[in-house]
């Protein structure tokens with residue numbers, strides 16, 4: 001009895017210790033199962049002896065399907081070798097972290113940040129390795145996307161002959177991409193602003209650049225400059241520089257971010273175009289001036305000769321025709337000059353009242369003594385467009401062509417109205433005559449594109465092409481139709497529409 005009595009307290013204490021151990025085990029197990037990190041324990045043969053719910057979830061499977069299987073089942077060869085190397089270092093007491101990729105059960109990819117530690121039994125013997133795994137799949141995806149974006153940016157910069165740079169305003173140091181070195185023809189791009197500015201050519205331009213840069217930093221917050229630079233190999237290049245200023249929380253400039261683009265080819269093309277245009281304008285002015293002077297002198301002699309001839313005589317008619325041709329030649333010269341101004345965009349636009357323009361145009365039509373020519377027009381106010389003084393030429397050319405290419409009595413009805421198309425209100429002018437009209441094929445030829453090669457520029461054709469180009473510069477349209485549909489011989493209708501100004 002005494003011995004049993006002595007053993008009772010010992011047994012009770014043992015039961016309490018066992019119970020405490022179980023409770024601690026359940027407690028620690030609940031921690032392992034509730035953590036947001038994956039826990040994986042493998043033995044010396046790399047077989048799974050424990051895996052928590054989170055790790056199984058990350059693998060897209062269940063705990064039962066992982067227990068007893070090797071880690072190799074969820075890895076490819078490269079990651080398996082990395083993992084084995086990590087385990088070897090772990091056995092030597094080194095605890096590090098590496099990125100390990102696993103294959104999920106659904107075929108997807110799981111990237112983890114793995115931390116390993118030796119695993120010991122209750123006797124203190126090392127029997128395996130325990131690992132903690134954090135899901136970094138989304139981070140890896142973002143890193144991959146970022147790398148692709150950077151690669152694409154590098155390719156785009158290379159294709160576009162463009163490089164990026166950052167200037168730290170505190171240290172006044174510049175970091176630049178490799179493309180800038182390629183553009184400037186130097187391996188080591190200068191890190192100081194002054195050293196880069198020294199590449200600007202000619203030297204007197206450097207102060208202008210400094211001024212623009214400083215103004216952008218202190219006032220505007222950005223700047224754009226086109227500069228000429230001299231490479232070490234002696235090649236002259238043109239560069240386009242764009243930059244934006246970055247400020248801190250107190251509004252002080254701290255850095256400048258920008259790009260440098262090689263625009264040498266574009267600049268050379270622009271210079272060649274300007275030179276070509278200047279040359280063509282010189283020849284047009286030269287020819288127009290000289291032809292105008294010669295026509296003026298010739299016209300003077302012919303008119304003097306005409307005055308000395310008997311009125312109504314046949315010889316008088318022979319002189320009248322050359323005089324008319326010379327006047328047409330003078331008008332053609334003026335049309336070419338005006339057309340050059342239209343195409344080059346040298347003329348600005350303003351609000352103009354079409355009714356007033358039409359009234360002035362009709363009033364200035366030359367009277368012919370031997371013909372009955374009537375132009376009917378009812379003025380209408382409120383139809384204004386964005387145009388310039390050449391608008392009058394558009395209407396006068398149409399009226400003059402109707403008169404010139406007809407004979408006998410002629411009536412021209414001019415109608416002004418508003419029309420709407422695709423939500424846009426237009427001022428529509430119709431000029432309809434009862435002359436001989438124009439057949440369909442000729443109508444299409446007259447209004448063919450003035451820039452289309454191979455066209456035959458007859459006097460009539462150039463006149464209407466001039467009108468078409470002029471109207472197009474006002475964002476308008478012009479077309480020709482029969483006054484009486486299907487019966488071209490009963491006259492012509494020319495329609496000109498120009499957007500109404502707000």
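Numbers run from 1 along the shown chain.
In case you wondered, yes, glycine gets a Cβ from its N, Cα and C as well.
The model shown is predicted, which means the values in this text are computed figures rather than measured ones.
When the domain 'PAS' (24-79) is classified with DSSP, helix, strand and coil residues number 29 helix, 12 strand, 15 coil. TrEMBL lists 24-79 with the feature domain 'PAS'.
Remark: secondary structure over the domain 'PAC' (96-148) totals 12 helix, 29 strand, 12 coil, with classes taken from DSSP. The domain 'PAC' annotation in TrEMBL covers 96-148 (among others).
Annotation source TrEMBL lists domain 'PAC' at 223-275 (among others).
The domain 'Histidine kinase' annotation in TrEMBL covers 286-502.
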**OP:** Within the domain 'PAC' (96-148) only, compute the mean pLDDT.
**Re:** 86
